[in-house]
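Asker: Taken from TrEMBL, the feature active site, 4-aspartylphosphate intermediate applies to A:Asp569. According to TrEMBL, the feature domain 'P-type ATPase N-terminal' maps to A:121-175. Per TrEMBL, domain 'P-type ATPase A' is recorded for A:206-264. Residues or ranges marked as transmembrane segment in TrEMBL: A:454-480, A:500-523, A:1095-1116, A:1149-1171, A:1177-1198, A:1205-1225, A:1245-1266.
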Amino acid sequence: MIAFDLLQWPWIRSLCPCCPFSKGKDDLGRSRLRRIYIGSVPVLGDDDAPEDMGGRGSVGSSEAPPSHNSQRRKSRLDRISSQSFSDMDYNPGLTTKVENPVIPVRRQSIMAGDLRIPPKNVFPNNEVTSSRYTLLSFFPKNIYEQFRRIVNFYFLVVAIIQSVTSSPVSPVTSIAPLAFVVIVTMIKQGYEDWLRHKADNLFNNRPVKVIRDGVIELIHSRDVKVGDIVKLEGEEQVPTDIVLLGSSDEFQRCLLNTANLDGETSLRMRYVPAGLPHFRDESDFLTLDLIVECEEACEDLYRFNGNILIPPELPRQNSSLGTIFETVTSDPAVDPQSVVPPTEAPPLSFCHALQFSHPPQQHDTTTHKATPPQAVPEVKFTPSTTGKQRRIGIAEFNMIFLGMENVILRGTKVKNTDFIYGVVVYTGPDTRLARNSKQTAPKFSTVEKTVNKYLYAFILILLVLVITATLLSLLVNWVGVNGENPWYLEKTEEQTTWGYYFQTFSSFLILFNYIIPISLYVTMEMQKFIGSKFFVWDEEMSTEAGEPPLCNTSDLNEELGQIEYLFSDKTGTLTENVMKTRMFSVDGRIYEVDDAPGPTGSGGRVAGLFVRDEEDQSKRSFVSITPEEDALLDFCRVLALCHSIQIMPKRRPSVESGNPTGFDLFLKRRKKKISSKVKNANSLFAIGAKKGGDDVPAALQLLGGNWEFQGSSPDEKALVETCVQLNVCYDGEKEEFMSVNVCGQEERYKRHMMFEFDADRKCMSVIVENEAGDIWIMTKGAETSIIPRCDTGPIQLVNKHVLTFAMMGYRTLVIARRRLTRAELDVYLGRLRAARRLVENRDEVMKHIYRDVESHLEILGATGVEDQLQEGVVETLHSLGAAGIRVWVLTGDKVETATAVAYSCGLMTSFSKQLVVTKFTENEAGTLTERLRQFDAEMAPDDNTVLIMDGETMEIALRYCPEDLCSVAMKSFRVVCCRMTPLQKSQVVKMVKDTPSKPVTAAVGDGANDVAMIQEAHIGIGIIGKEGRQAARCADFALARFGFLQKAILVHGHWYYVRLANLANYFFYKNIIFVIPQVLYCFSSGFSTQPLFDSIFLMMYNIFYTAFPILIYGLMEQPHSSRTLQEHAYLYKDITSNRLMTPTVFLKWLIFAIWHAFVCYYTALYAWPAFHPLHDISTFGTLVFSGIVAVANMKLAVETVHISWIYIFSHVVSYLAYFTFSAVYSEVDLTFVWIDPKQFRSVFFTLMAVPVFWVVMVLVTSTAIIPDIIWKGVEGSWTSVTKFFRSFPKRIKWGRGKGQGDDEGKGGWPSLRQFAPFSASTRKQNGTENGMSNDTLNSYL
Amino acid sequence: MSSISSATNQKLKKKKTGWERLKQQELAAWQPIFSPRGISPLFLVFGVLLIPLGVLIFTMSKNIQELKFDYTDCLNSNGDKCSDIVQKMTGESCSCIINFQLEEPMKGKIRLYYALSNFYQNHREYVASRDDDQLLGKIGTSTPISPSSDCDPFGIAPNGKIYFPCGAIANSMFNDTYTMFRHLNDGSKTEVRMIRTGIAWESDKKHKFKNPDLFLDINNTKFWDKFVQPRDWGKSLWDLDKVDANNNGLQNEDLIVWMRVSALPNFRKLHRFIDMASLGSNGEMPKGSYSFEIQYNYEVASFEGTKTLILTEQAFFGGRNVILGIILMSVGSFVLLLGLILLLLSFKRRTTWSRGSKISRDYGTQGTTTVRRSKIA
């Protein structure tokens, strides 16, 4: 049980977010493994094994094996569970025996989970269900969901009261609108769910080729089970997560397009696990016996831990397996994961082969492995204590470890490979894709929250009205006629009982309940849904390539108009994420890389290296790389070798073709020269075999044709391309050799190992061996992680140069290497192999290996890669600033890079006061707190202050003095946070979100590292960038460029907010003017709850008579034109802080509503005698009601700024609806549909025929609306005056410094080519600000 | 202005259909500007419209002759107050006479209204207290259909018979009767005949009230075995109009008018038209002295109501209504005044007021027009 205690260690969990410690635990805290059986695995010991040997290699999943031997298998499984693995637990004595045993290598008790969970329930089927309802559950579930909404529930209660008690109006008046609303919502949701069903079915019914009994069977995707062997052919979508077992590729690899998963368009490579036989035919699977182990389903897209267990003895007589089975590798130096051994290796017997590389884990053995001379981390297993010793336990199996490189996830596409075989390991909801597409918590917009508050307020108002009316009613009963009714009104009921009081109360409740607008939510939803289309349609927000903006949720449209804080990522968001190599620092000298061709005769090179003259910075001289230039050449060799770039067929012109890089231009120029020799694509990797006769490197020939470099890191790509330009060409990889063409001479390197880049280490390494047998480890990475590991080389100079590069806004990488002895190499390889065998804890162990390998390096130099600012960033940031939005930049980059970018994009000017708070350590928390307090006291809120912090300091501040930090940060005009982890980013957002003023925040980012922040902020905006689509998928909105934010926020946000806020206001308004006459009428009807309006009016008012104009308003209103809003960004301040829904505004609407209602009612009342001989209730009600409809619509017309023909049409429709419905209802005999107008019969036309009616309408409308019009005029001129003055200070503040202004003219990127990152004035400014920033800056320079 | 959007704008400007413009939210639209200059014409127009209307209605109402006689407390020939006699519920009849002098001849279709005050015909329970089916004559063929429970407590009489018609409305039907006389100079008087039909809504007569087929025979004893006249009625349903069979029973227009309940507690209901033929004059009621002989049956004193008899001409604009005219005139002049003030302001203080909003000034519109075409750039 110690193992499980270990699991509780928080640091393990935090280090390993995906490993089974933290996820996939059962309720006892045990971690689970899933085990998949393929074929008949003789795991049960000798007595059982022979029987199984002949078992068909058909599909055997632990879930309901389909073949006839299921019974047998089941019993076997039972026994496996009970005997072999039950007691295999963590043994504390079994640790690695390496020189520094830091982490115990543990063997997870494999069956822990399986024992508890019956196999049948373990694995879900592969059905994808994104739908929320089934045919059966739709109705009850939907109804339930709908009535959880307060409005619907309220109306349900009212309807019930109405039906139960004797109500003044027919229950239909409540039930019908409610039913309408519910049915409309139901239809909408049903339709959406139907679409989801359709999509699900499309996926679920997609045919999948599954190999059963050696033949291909076509089954539906939903029927794919864990353990099935699937065959996928080229370009096929992968239906589920599989482990690759075989490939048509001669090197047993497979290319993938993972664009659906992470948005990266470059192809990925996957490998068949080394040690498996080559499967070339379906029949090969007849004899396949395997156990695949893998961890429980988790979310991580980049990590997979598992094993393939192969039974130890497989003396198959009837199998070709023995012969086709190949050795894993005979050369221990070759990394088994990356390269499959050459085919010419002598075939060995199965057991032998495995013995060679993975010694069978026998009881009580420590190690049999002899190949590496050093002690190799060894994994031991205790024997099953309960089982018979002779039985074959899992421990005796041969094991092949699996990693992400062997796994193909659902959602990817097989590319450039004829066919692959794979065994299904995760299905349906367990797949990584499904695990990653979980629904995020719903976000609510400010307007929606306010509307809910309004609702409560209105319920309160309603109750007050009802109670008052009830009391008055009782009073009238009691005082008015001395407790007796007039003779004409004799009552049956006792009028002093509680029942009577309740009856009166409920009657008034029913009568006045229309004050709460039932259709508000429906209209809001329709408005949002249709409104969001305008966002998507906006051509000004789509790129020329036609990448439209996305609106993933329409719930937050109007929140775009409320943003007060904008948190922006830097790379890919503010910048293009198109990299250009600009600077090298080699051997203590700085080289500039330029597209400008060097002096003629430099042999095909286009780019050149230049060195600046020490004295005269404007002069620079050309440097060419020659084989003699050792340092430069070594540097370039590292760049050409240490990367994960692949040479791939050229993709079709893709979205990324934003700015042509220098390299593209170069290729274009070269194209004429090079006859485009299209390579035949027999082998993807046979590049470099053919050589052109001229001096152009082979790679370039290819690149000029249909090949190009592809890689996930744009920095890397830029560096490799630069090397090509400098005549150090990476020519591709043939077998295990990487070939580099240095100045026309081919050099071949054997790659032993590659440690891919990860965010924790911030570096990557390769171990290569050249033809002379020299072994090098080459590393490149962030200077913070590399420099501490360097022992030799110009460390100080490189450090300084890195800072210089960074201050110019370049992304920096440090290059280092170390020579290895073969012995060292063998040790490392051995350790690595051992570590890779682990299912769990593998990452931990790997980390230690990495740490050991990447140490004692020799520093070679550094690179500076430029990432250009996106187009329009400066203008956008400027506008957003003028709009009162505080922009914070949260980046993972260095302080210097971030600062430089902040300058160049205008977030900082030379007038800005900088508060640099960086490089604090835990011990200095006190000082930090003090500093922050001091700043806090000194700062005026409207200072042009920029706070610059780094992640570590932020972390400390958040822990020790969050209030002070918050206070300083909120007072600062801009905040730049550097070196932020994704979690810290979201913490910052949360900090701002939770301040007492509760500002509305938005986060913009493009990468997976921004997802946390995007989800945390009120509004998440994704930039559809090159780092993938994950941010765009998780965000609420997605745009192709940062520059589009200007329109999205200033225009769309403004419009959406004004539309929705006024829509809500108007809804409450129109229901007040609807109900107040009813209240007033009580005074005329002796508080007897007599309704003034006919049922049809009660029903139709909200859904037809006043519905269309407000909907059109909600969709099309433009308080200011798009241009105005963008030119006068300060207009945005008019709507932030929910300005249109403040109590004052609410009161304004309320007062107008009351005025309008009084006008409608009393005008009708006083004009009423003119209608003689008409005298009845229905006619009077219709008169009042007609006034209300006219006024309500007219009020909206007054409020509307943007009156288009559609808007006018909607008004016409509104009135037409009123006349048509009322006329039909009143005049046409509708008894055949059980509609009985009762006293309303003929009223409508009778009333219309009276000329005074029209006079009254004109009178009512004009009297009611005049104050509105006057108010509008006064308000307009008042606010325009204040607005005008208000705009001044900001304008001045946003005036730029001179130096900056010049730079902007050139597209926002300051001319930083000179070695003067800060102008003199800036430095002076900074120097005088405060001691700390001075110090910090000095330390940079 | 961001260079991206302006560039795209330029590019897109060419080929825009209406639908495209809608999608890009670039529909041409009008924007009202509420500057004094912008709204003063509106106000002036309304003022100019409302004032004449008001004047028209006011003068027309003034010209309408309307004679009102509150006879609530009228005395009978013995000098007793009829209200007291009626309130005693002795069944004793009381009649009183109102004499009046018509100064100006009355023209057109002269109507006789009765008006009640403080009578809550709009009380919810009163309004509901009717059975529409029964009023349509659906009372059953052999066995009577019980009235709707809405009628309670005027549904079924204590003796088990069904009130016909049932309900509080019918029960409280106004039953004063008036006879009008013209006093000639020679002291003789002639009765001025009144028309009893045409006072109810045609639709009510057509759709809402119908005598039952079965029991048409008013003397049918079988009918009165099952049904009984409403409690407070002095006479049977079939005695409402003994002359005109079509105006009798449920189809009696007095009943129909009564059954259309009033909106307000003070109301007047059309009762009769003066039969001009009986006056023998050419379409007008000549001046002279007249009298009403009132059969005072209806009790209003108990609820502090009043009864008024109204003789009136009908104008083009409905009935006489001075108040409406006054409202119209005052609102109209207020609007007109406002319009003038605003007009003045817009000339005088153009710089501050007519800006309307600063934005419109930026556009160079200067707020000179009421509406402007806000075509998006």
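From the backbone N, Cα and C atoms, a Cβ is placed for every residue, glycine too.
TrEMBL labels come from automatic prediction, so no person has curated them.
Show me how these features fit into the structure around them.
Answerer: Of all the Cβ atoms in the protein chains shown, 30 others lie within 10 Å of the Cβ of A:Asp569 (active site, 4-aspartylphosphate intermediate).
Model confidence over the domain 'P-type ATPase A' (A:206-264) stands at 78, taken as the mean pLDDT rounded to a whole number.
Listed by sequence, the residues of this chain that lie at least six past the ends of the transmembrane segment (A:1095-1116) yet keep a Cβ under 8 A from its Cβ atoms are 169-170, 172-173, 176-177, 180, 514, 517-519, 523-524, 526-527, 530-531, 534, 1059-1060, 1062-1063, 1066-1067, 1070-1071, 1074, 1181-1182, 1185, 1188-1189, 1192-1193, 1196-1197, 1199-1200, 1202, 1204, 1206-1207, 1209-1211, 1213-1214, 1217-1218, 1221-1222, 1225, 1237, 1240.
Counting residues 6+ beyond its ends, the transmembrane segment (A:1149-1171) has Cβ neighbours under 8 Å at 1065-1066, 1068-1070, 1072-1077, 1080-1081, 1084, 1179-1180, 1183-1184, 1187-1188, 1191-1192, 1195, 1247, 1250, 1252-1253, 1255-1256, 1259-1260, 1263-1264, 1267-1268, 1271 in the same chain.
Only residues 6 or more beyond the boundaries of the transmembrane segment (A:1205-1225), in the same chain, are considered here, and those with a CB under 8 A from a CB of the stretch are 1096-1097, 1100, 1104-1109, 1111-1113, 1116, 1182, 1186, 1189, 1193, 1197, 1235, 1237, 1240, 1244-1245.
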Asker: So what's near the transmembrane segment (A:1177-1198) in sequence-distant terms, Cβ-Cβ under 8 Å and 6+ beyond its ends?
Answerer: 1066, 1069-1070, 1073-1074, 1077, 1081, 1090-1094, 1097, 1101, 1105-1106, 1109-1110, 1113, 1152, 1156-1157, 1159-1161, 1163-1164, 1167-1168, 1171, 1211, 1214-1215, 1218, 1222, 1239-1240, 1243-1244, 1246-1247, 1253, 1256-1257, 1260-1261, 1264-1265, 1268-1269, 1272
Asker: DSSP helix, strand and coil counts for the domain 'P-type ATPase A' (A:206-264)?
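Answerer: With helix first, then strand, then coil, the domain 'P-type ATPase A' (A:206-264) has 7 helix, 30 strand, 22 coil.
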